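A.B. asks: Before we start, here is the structure in question, set down as structure tokens.
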């Protein structure tokens, strides 16, 4: 019994070693670490003075979904300033406007 358990543990150890060194080929390959300048060839080196521009993010930023409520402010007009845009109707004015329209139709 002890012999069979020791035999089974040996193949498992060899499998783990193979997995560590052997590439599986699934998914995206890992990014290779940058090569140190000492090992790189002199002819293929880029100029150190050249600084690449950082990539700008595309599209909508991630955290901008639910910020509409925080940015909105009340539409209060300061005294002496005219309100911009179309004036808002109050509930009373709406009711009066409807009653005036119906009375105009009768006449």
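For all residues, glycine too, the Cβ spot is worked out from N, Cα and C.
Copied straight from Swiss-Prot:
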- 1-107: region 'Disordered' (REGION)
- 7: N6-acetyllysine (MOD_RES)
- 9: phosphoserine (MOD_RES)
- 15: N6-acetyllysine (MOD_RES)
- 15-24: compositional bias 'Basic and acidic residues' (COMPBIAS)
- 21-31: DNA-binding region (DNA_BIND)
- 26: omega-N-methylarginine (MOD_RES)
- 36: phosphoserine (MOD_RES)
- 39: phosphothreonine (MOD_RES)
- 44: phosphoserine (MOD_RES)
- 49: phosphoserine (MOD_RES)
- 53-77: region 'Interaction with HIPK2' (REGION)
- 53: phosphothreonine (MOD_RES)
- 53-63: DNA-binding region (DNA_BIND)
- 55-74: compositional bias 'Basic residues' (COMPBIAS)
- 58: omega-N-methylarginine (MOD_RES)
- 60: omega-N-methylarginine (MOD_RES)
- 78-89: DNA-binding region (DNA_BIND)
- 93-107: compositional bias 'Acidic residues' (COMPBIAS)
- 99: phosphoserine (MOD_RES)
- 102: phosphoserine (MOD_RES)
- 103: phosphoserine (MOD_RES)
A.B. asks: Between C-alpha atoms, which of these modified residues comes nearest to residue 26 (omega-N-methylarginine): 53, 58, 60?
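C.D. replies: Nearest listed residue in space: 58.
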A.B. asks: Just counting, how many other CB atoms are there within 10 A of the CB of residue 58 (omega-N-methylarginine)?
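C.D. replies: Total other Cβ atoms inside 10 Å, all chains included: 5.
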A.B. asks: Round to a whole number and give the Cα-to-Cα distance in Å for the pair residue 60 (omega-N-methylarginine) and residue 53 (phosphothreonine).
C.D. replies: 20
A.B. asks: Per DSSP, what is the residue tally for the DNA-binding region (53-63) in helix, strand and coil?
C.D. replies: 2 helix, 0 strand, 9 coil
A.B. asks: Taking all residues of the region 'Interaction with HIPK2' (53-77) together, what is their mean pLDDT?
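C.D. replies: Computed over the region 'Interaction with HIPK2' (53-77), the mean pLDDT is 67 on the 0 to 100 scale.
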